[in-house]
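First comes the structure, then the notes that go with it.
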């Protein structure tokens, strides 16, 4: 303990991981941060090992993945772990954001913390998309073609940007090299943002389920919350082991086991499951440019929440109306997952348009309007109490 407090580097670690005071009433919903940290470490480690055996060449990429699976000792475990932890990474980050939305963790003084988190989410999606292309299977090729083509909707410079990304006039060897290089380096940028996120959290500490200051009732991180985190970490490793060993392709796409063929178009071109809600928003708008704007806007709109939430109460646990709208939003978001996996035909297109409308209405209309109504009712109730006194 003396070493932890005297050494310059270890003293910093001690202040963040050992002596850091946490609210006494934190629930298991606050465990997603530690799970995400474990996922990031696993992804970087397994990714580095996979990169040692992968060949970023259009004619050899698919075979090099098969080489990892068949010839490299325990290569199949490393690859399936990397692929499935990526899915868990997004499951945990969606749950982490959902908890932040429910308990209003984006409100002052944690605006910087929330903003860095949104940037992390956008970067994660970019890294996930790049990784989806790297095996250069059939869905990798056509997914890359469709998604990168979206940038052609940008006026004047769109097509030039697409060809710059491709390194030619179609997805080719140059594209694969670009994507592999970015997929390798961006996780380290992500790790730097996670450190910044952690530092921003350390300034004001964690929010808590009651939404009020908890400075008078806090416990140190170790041993109380470290052991609490270990419960969910061990549960995660158990579930991950079951999936890796028994259902490794549960969250993957079977078309990616077919080598990339630019002459054969898959029956349905879809991105990885964790991008489906935003893909559904993109397809629900007929105009290409507006669809791209809506897709990116559906992510960046999270940044405006600290401005649009006008309620004086932190968290939805004491707000019945907002609690109803929040769970309706969750159901709507799950529906967008489903719609993103369907063909853009009737009735999926119309349902997608309704779901997209509600998605944006939640942030721009429902959240501020509900806050104003609650504030007005609160003021009227206070005045009535004053008159009665």
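From the backbone N, Cα and C atoms, a Cβ is placed for every residue, glycine too.
It should be emphasised that the depicted structure is a prediction, and the values quoted were computed from it without experimental measurement.
Checking the ranges 7-29, 53-75, 76-98 against Swiss-Prot, the transmembrane segment annotation falls on 76-98. Of the two recorded stretches, the transmembrane segment (32-52) does not lie close to the transmembrane segment (348-368), with fewer than three CB pairs under 8 Å once pairs fewer than 6 apart in sequence are set aside. Annotated pair residue 183 (heme b b562 binding site) and residue 197 (heme b b566 binding site), C-alpha to C-alpha distance, rounded: 21 Å. Mapped onto three states, the DSSP output places residue 82 (heme b b562 binding site) in helix. For the binding-site residues shown (82, 183, 197, 202), fewest C-beta neighbours within 10 angstroms: 202. For residue 96 (heme b b566 binding site), the Cβ neighbour count at a 10 Å cut-off comes to 21, with all displayed protein chains included. Panel annotation: around the transmembrane segment (289-309), residues 97, 101, 104, 106-108, 111, 114-115, 118, 121-122, 125, 150-151, 153-155, 277-279, 281-283, 356, 359-360, 363-364, 367-368, 371 of the same chain, lying at least six beyond its termini, place a Cβ under 8 Å from a Cβ of the stretch. If you measure from the Cα atom of residue 96 (heme b b566 binding site) to that of residue 202 (ubiquinone binding site), you get 17 Å.
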